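Okay, structure first, notes after.
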Amino acid sequence: MTRLLIVGPPGAGKGTQAKRIAADRGIPDVSTGDIFRQNIKDRTELGQQVQALVDAGNYVPDELTNRLVTVRLQEEDAQAGFLLDGYPRTLAQVAYLEELLQGWGQELDAVIQLVADEDEVVARLTRRAAEQGRADDGEDEIRHRQEVYVRETSPLIDVYREHGLLVEVDGLGEVDEVAERIRTALAARGVRPSSDAGRA
């Protein structure tokens, strides 16, 4: 059973690597964005609450996000483990997740932090925006998103570092190269791919 969490700044390829790690280990890539969209699409009770908040231009509060994640982690495909992407985002969510897993007799195996030089990431995203014709995605906006990421995730990263769970990996480079770095870093912690990954 493998229980992982991945964090990384915009432009560091977190979404791509999350899918690779999940496929490698035969576990679901659990993204809060996907959970919100699926619940809205399925018109679940919680999904309708999310839709109302989004329509009003409000953030989804911790309590509702926590409930949605709890329901998702109880689904059959997450029983052999999971990779969380985009959750937790606040210290309250960190505490909730720890308590939730403890209640199930579980704990996180590792927190993968993709690290990347800010100037390189900004250059990469600026090029991508120009190629895709997104003139509104200028360097100032991109740098602002990097600053928000650092401000929001630094306290979470500090907690996971104190818990001895943090695995730092250079997120820049070819997709396969970064994936191999992650695999090596996790193996060094004793977190290896499931031998039956992908057979289900």
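Keep in mind that glycine also has a Cβ here, set from the backbone N, Cα and C atoms.
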Of 127-137, 138-148, the range Swiss-Prot tags as region 'LID' is 127-137
Looking at 31-60, 61-90, which one is region 'NMP' according to Swiss-Prot?
-> 31-60
Per Swiss-Prot, member of GLY164, GLY173 binding ATP alongside GLY11, ALA12, GLY13, LYS14, GLY15, THR16, ARG128 = GLY173
Mind checking which of ARG89, ARG128 has the fewest other CB atoms within 10 A of its CB? They're the binding-site residues.
-> ARG128
Between THR32 (AMP binding site) and GLY13 (ATP binding site), how far is it from one CA atom to the other, in Å?
-> 17
Measure from the CA atom of TYR87 (AMP binding site) to the CA atom of ALA12 (ATP binding site) and give the result in Å, rounded to a whole number.
-> 17
